[in-house]
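Chemist: I'd like to ask you about the structure that follows.
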Amino acid sequence: MRKQRINAFQVLILCFVGLGSMTYGYTASIIGTTLGQPSFIEYFELDTREDGTDLISTTNGLFQTGGVIGTLLLPLVSDKYGRKWGIAVSAILAVVSGAFLAGSTNIAEFIVFRFIAGAAAFMSLAAVPIWMNEVAPVKMRAGLVDIHAVLLIFGYTAQGWVGFGFYFWKQGGINTWRPPLALQCAWPLLLLCGLYWIPESPRWLMIMDREEEARVILYRLHADPSDPDNEFARSEYYQIKKQIAIDRTLGSSWKVMFTKPSYRKRTFLAMGLTFFIQCSGVLVINNYGPTLYKILGFSPVKQLLYPAGWLTCALGLNAVAIFVVDRFPRNKYIGVGILSCMAALIVEAALVANFVPSNNKNALQAAVAMFFIFQMPYSLALDGQVTQFSYLGEIFPTHLRAKGVSLGVAMISLTNIVWLQAAPTAFITIGWRFYLVFIIPGTIGGLIIFFFFPDTKGLPLEEVAALFGDEDEIAVYQREIDIHGNEIVDRHGDLKEKEQVGYLEDVNTGEVEGGRV
């Protein structure tokens, strides 16, 4: 059977919309280097105020709170006005918040717009992979959606080196911290300039009864000179059309996600997945990187240099993950990634417990190395998140995908409200023991995902329902004739050795048979 191919148009539009991923990466992580800038601490007197530590915690806590609220509101836009509008609204909020953060004159103003920046960042974190999952081809969906991860990490990496560079800009004086925050506006502005020419999700267009627009977009997405009849576009169009017809008869409210057993299972899987991945402690390491390296006794320059190098390492590993992620079962890949991160944190906790504070340079360098070793499994298996957002987009049907992905992203924010709000005080009061807060639930979660979560690798989005026991699943089958005139029945997608309820379509005549195949 002819293999589905990726064309340049698919890659181009995914890379461009990845500017939304960069928006999240830069916006979410810029606070790390901002807190590492002496000019920022001095301007807001955070080193002399009695509530200085609490205010630092609040800049992170309210950002995550904005993320919870923003992502839960995203479906109001993405479901009603389109996946592109969900991306556009998050970009507009990112531009506005970035401008006001860079121009803040008091800490209260800064904290308020950190809240709005959080809403913008996490809305973008959800909106981009929702759209990507609905336009990427089946066979390389996780790999192509990993473009989201690579560009997200590029945003992280950019802010790391921008913050490091501006540390040496002495002419800026007490305002040195402002330009890196202002740069937050660049990525969403570029995205808004070109978003008009990006195609809408064909699945959303189908829901809105705009079938001809959806058909044209699908044919453009699947354009392949070796496939003049566009078999993949025709079969996917048919499958989406039939599935949407059934989806319209099903509930699509927030309530149904918790009342229908199969939807409730998907919802808990989404929330559990993002919770356990955040138990890796990655955002604490990223957002408080300079603080962690200060605790280890390194100079202010190295406090900014090491996080920038750490993120650069992540960028390279995420690029490698594009070619790896679709080779392994999703649940096994994620589970092993989390457990490997926990192994690195266990060694880190042991080093901090025994050698901080101390003059043992080898032990301190080893503590730095463990953060880099932690980055390897996180970037290859979890980041941005390689399989995380592919999985979230795959387990929910089209009519619930925006709500499901948004709920998973909201769980990321909710979890990190606790971690990031507590971290500054926890590192001072309980030290290395704070790592146990991540190690214990992270290890349990990694084992649960490895053994009990379903694998969705290689399945068309419309066929994942079979994994959850839904009988309203549609499968598209293609009839081909071999050189001897015998009929060959194959399917667009791959659910080998599983009996499916669906429809058998002759792609040459359009004849459709229903029943158990």
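Every residue gets a Cβ built from N, Cα and C, even glycine.
Caution: TrEMBL annotation is automatic and unverified by curators.
Pulled the feature table from TrEMBL, pasting it below:
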| type | residues | note |
| --- | --- | --- |
| DOMAIN | 13-457 | domain 'Major facilitator superfamily (MFS) profile' |
| TRANSMEM | 85-105 | transmembrane segment |
| TRANSMEM | 111-132 | transmembrane segment |
| TRANSMEM | 144-169 | transmembrane segment |
| TRANSMEM | 267-285 | transmembrane segment |
| TRANSMEM | 305-326 | transmembrane segment |
| TRANSMEM | 333-356 | transmembrane segment |
| TRANSMEM | 362-381 | transmembrane segment |
| TRANSMEM | 402-422 | transmembrane segment |
| TRANSMEM | 434-453 | transmembrane segment |
Chemist: Contact between the transmembrane segment (402-422) and the transmembrane segment (333-356) is defined here as three or more C-beta pairs under 8 Å separated by at least 6 residues; is that satisfied?
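Modeler: Between the transmembrane segment (333-356) and the transmembrane segment (402-422), contact is absent.
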Chemist: Taking 3+ C-beta pairs under 8 angstroms (sequence gap of 6 or more) as contact, is the transmembrane segment (305-326) in contact with the transmembrane segment (144-169)?
Modeler: yes
Chemist: Tally Cβ pairs under 8 Å between the transmembrane segment (402-422) and each listed stretch (85-105, 111-132, 144-169, 267-285, 434-453), then give the stretch with the top tally.
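Modeler: Comparing 85-105, 111-132, 144-169, 267-285, 434-453 against the transmembrane segment (402-422), the winner is 267-285.
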Chemist: Can you say which of 85-105, 111-132, 144-169, 434-453 has the most Cβ pairs under 8 Å with the transmembrane segment (267-285)?
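Modeler: Out of the listed stretches, 434-453 contacts the transmembrane segment (267-285) most.
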Chemist: Which bits of the chain, at least 6 residues beyond where the transmembrane segment (362-381) starts or stops, bring a Cβ under 8 A of a Cβ in it?
Modeler: 153, 280, 282, 285, 292-293, 296-298, 306, 309-310, 313-314, 317-318, 320-321, 324-325, 333-334, 336-338, 340-341, 344-345, 347-348, 351-352, 354-356, 387
